[in-house]
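Here's the structure we're looking at; comments come further down.
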Amino acid sequence: MLKIYNLKELSKSKIEEISSRALTDDKDIEVDVKVILEGVKSDGDEYLKSCNKRFDNYNGDNLYLELSTLQELASKVSEDLQLAIKTAITNIKKFHQTQLIKEERIETTKGVVCWRENRAIEKVGLYVPGGSAVLPSTFLMLAIPALIAGCKDIVVCTPPNDKGLVNPAIAFCAISLGIDKIYLAGGAQAIGAMAFGTPSIPKVYKIFGPGNRYVNFAKSLVQKWTAIDLPAGPSEVLIIADEFANPEFLAADLLAQAEHGSDSQVVLVSTSSDILDKTNRAIAEQFTNLPRKEIALNALKNSYGVLIDRLEDGFSFSNEYAPEHLILAVNNPESYTHLIINAGSVFLGNYTPESAGDYASGTNHTLPTAGNAKAYSGVSVDSFLKKITFQKINKEGINNLGNTIEILAEAEGLQAHKNSVTLRLK
Ligand SMILES: NC(=O)c1ccc[n+]([C@@H]2O[C@H](COP(=O)([O-])OP(=O)(O)OC[C@H]3O[C@@H](n4cnc5c(N)ncnc54)[C@H](O)[C@@H]3O)[C@@H](O)[C@H]2O)c1
Ligand SMILES: N[C@H](CO)Cc1c[nH]c[nH+]1
Ligand SMILES: [Zn+2]
């Protein structure tokens, strides 16, 4: 259950320990991930096949799923699940379509016009996790913004199951969205494959997607070869609750993120010690019915309850923690949103469970973890676009701005820069 602390009595180093998630140090996996990336670079497909045997219990040699295989798998998805996936697609599309914004042209000086245009990144690689749980929802969260942005070549890597296939729901997402380049590779080796390219898997310009520590550490190492979206590692949630919150709901939301993985972390911050205690009791009750209770239990060992005097203190704590998900289980949550500075995605009020954002409200669930919400946003259509700036200057414009450029060029000692303007004046 949650270890409960009083914020007033917490030392600075304890607060730092909580905020650092304790498990984010990658020293213990550094050598393994580097060896895997070297293996992919030197032995390509053969190395990927050996990883599929070693890590994912797939002893065959397939690295690619034919369209007919995807179609056959997709046909096994129940009608209920098909409908749910379609509803999620509709909402995710609706929300992400609004992000495709055409910017205005601005005349900065008379005769000088500047603007930006979007261009989709041509070749992108999506990583869909599939280690301890298969996540078709992540397929949707990455593929839909990529399609809206207009990316031309979209490849997907995901770990194979022991039959050398993917979960039917992943195949159904692929078929529904018209994405058929699905490669059987997981973990750090999948990231290496998309960064360096192998005979089977094309090199891409940018890699997207969440994953475990191996995936994220590999993403951090391949940035000399390719761009990456953001650090999106083990799931987390921080809830700020007042004395009117519902402990059953709080426990359920905490367990929802705890069941992702043993290295997940959940934090409940409340003005009420009664709520903290009742939530711990509710966790103990709900927890026993979970199929993934061992995983959730491990995550809870790494989790905290924090008693605060005022809700404002909770926001200061949360901004320092910078959670992937922030739930405001308080009365009138909108009146506090101005206090939020660092968070990946925010869930307002008692009827907005975090799972809604994981699956179907429309927002993206690929979000920064481990404090990275201080500097990163979650995946969006923007993540798949580059912005190119343009400028058009007419004769009047160069006459108006020319002297300014000449003086600045001279101040930097760059005579050729100055000449390129002087020649055009008058
Ligand atoms: N932040 C986000 O946006 C977000 C979204 C969804 C999921 N997640 C997180 O993604 C993670 C998914 O993790 P997962 O493990 O289930 O799937 P995963 O696909 O990320 O990792 C599975 C792969 O890890 C590799 N691996 C496992 N053990 C290894 C070892 N000992 N040495 C080297 N490689 C090894 C294997 O190649 C395996 O295929 C979870 O932590 C979940 O919380 C985060
Ligand atoms: N909560 C995860 C992001 O941290 C996303 C997810 C996928 N499926 C269920 N949840
Ligand atoms: Zn989740």
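From the backbone N, Cα and C atoms, a Cβ is placed for every residue, glycine too.
The structure displayed is predicted, hence computed values, not measured ones.
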Zn(2+) binding in TrEMBL involves Q257, H260, H417; of D309, D313, D358, D382, the partner in that site is D358
Listed by TrEMBL with S235, Q257, H260, D358, E412, H417 as binding substrate, from among H325, H338, is H325
Per DSSP (three-state), Q189 (NAD(+) binding site) is helix
Hits among Y127, Q189, N212, H325, D358, H417, i.e. binding-site residues with CB under 6 Å from ligand 3, come out as D358
Within the same chain, the residues at least 6 apart in sequence whose Cβ is under 8 angstroms from that of H417 (substrate binding site) are I405, A409
Ordered by sequence, the long-range same-chain Cβ contacts of Y127 (NAD(+) binding site) under 8 Å (at least 6 apart) are L142, V156, C157, T158, A190, I191, M194, I207, F208, G209, P210, G211, V215
One of the binding-site residues N212, S235, D358, E412 has its Cα closest to the Cα of E324 (active site, proton acceptor), namely S235
Lowest 10 Å Cβ neighbour count of the binding-site residues Q189, N212, S235, Q257 is held by N212
Excluding its own, the Cβ atoms lying within 10 Å of the Cβ of E324 (active site, proton acceptor) add up to 30
